[in-house]
Amino acid sequence: MPITERLTELANQRPNVCVVGSINADLTVTVKRLPHGGETIEGSPLRILPGGKSANQAATAGRLGAAVELVGAVGSDPNAQLLRDALTDAHVDISAVETVDSATGTAMIVVDDAAENFIVISAGANGEVDAETVRSHADKIQRAGCLGLCLEICDEAVLAAAQIAHDAGVPVVFNLSPIRAVSEDLLALVDVLIVNEHELAAIIGCERAVAGCEHGQWDAVGRALADEHGISTAIVTLGGEGSAVLRTSESEVSVTRIPALPIEVVDTTGCGDAYMGTVLTALAAGDDVVTAARLAAVVSAHAATGVGAQTSYGETGKIAQFAADHGL
């Protein structure tokens with residue numbers, strides 16, 4: 001089925017998605033080039049944009065037509081209302097977004113002329129999302145068709161959400177970002193792992209990650225994820241090189257390479273989140289992981305043609321036209 005048709009069908013299906021995690025205000029500046037250590041350079045006027053990995057994923061799902069609920073927290077400062085308004089505009093149910101005494105989470109983002117960025121996050125209210133918070137909204141996880149998780153909240157909250165989903169038979173999609181060590185107890189609950197090259201290396205080691213990402217030795221990557229961590233389905237995103245979908249059984253590793261779309265990149269901020277939000281939506285609608293990844297390649301490419309994270313995300317009609325323009 002053409003991508004354009006499937007995108008339209010997704011919007012009509014209204015699959016149920018739940019995302020548990022972070023909500024940030026993105027303080028964004030663009031520069032000609034990234035500064036060296038100890039160097040001061042001039043940048044563009046400051047923009048405060050809606051972000052946070054989990055909020056971005058939820059916003060993508062909402063704009064694709066999913067019935068999406070977000071569990072998280074913001075402060076009571078002006079940034080909080082900006083973020084709530086942006087999520088509501090993206091059709092996200094924010095009834096489980098709590099207001100806490102901490103400042104709203106913040107990401108400081110610098111983007112250069114080559115569309116490369118570096119990001120520093122301050123957890124703020126995201127640090128108040130704990131296992132108790134998650135359990136108080138268990139019903140939202142249990143009724144979802146898919147659960148999205150990342151690591152911008154504490155490990156205990158992530159594990160609690162994954163356990164609730166697992167016990168309810170809800171597929172868990174996990175992005176190991178920001179990179180940190182995670183327990184095997186958590187990985188055992190993951191149905192689909194989404195990682196980039198650096199995140200993959202954090203799980204299986206640099207040597208094997210390089211062998212896969214740079215030399216195409218994906219069988220070894222899939223086998224390491226399955227045998228050592230119990231992960232049988234993974235998507236490795238490779239930026240301009242597209243992505244690789246790995247499905248591992250006892251007898252073989254099935255590898256599907258999905259190419260990146262040829263586009264003029266403006267800003268990659270939030271593209272990975274757009275990718276994951278699309279995967280969540282497609283899996284919740286009953287698509288297989290390869291179809292989900294193909295859709296995600298289109299949605300994330302569209303996001304890269306705009307500025308910011310959520311501000312670059314399009315509604316289904318706009319993305320379908322983008323896909324059609326690329327012969328999809």
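Every residue gets a Cβ built from N, Cα and C, even glycine.
Unlike curated records, TrEMBL annotations are generated automatically.
Binding site for substrate per TrEMBL: N24, A25, D26, G52, K53, S54, A55, N56, E152, plus D273 from the candidate set D267, D273, D287. Counting only residues at least six positions away in the same chain, the Cβ atoms of D26, T28, G51, I109, V111, N117, I119, G308, A309, S312 sit under 8 Å from the Cβ of T269 (K(+) binding site). Contacts of D273 (ATP binding site) defined by a Cβ separation under 8 A and a same-chain sequence distance of 6+ are given as K53, N56, Q57, T60, A309, in order along the sequence.
Cα spacing between G240 (ATP binding site) and D267 (K(+) binding site): 13 Å, rounded to the nearest whole number. Neighbour density for G240 (ATP binding site): within 10 A of its CB lie 12 other CB atoms from the protein chains shown. Counting every protein chain shown, the Cβ of K53 (substrate binding site) has 30 other Cβ atoms within 10 Å. Around G242 (ATP binding site), the C-beta neighbours below 8 angstroms that are at least 6 residues distant in the chain are R257, I258, P259, A260, A297.
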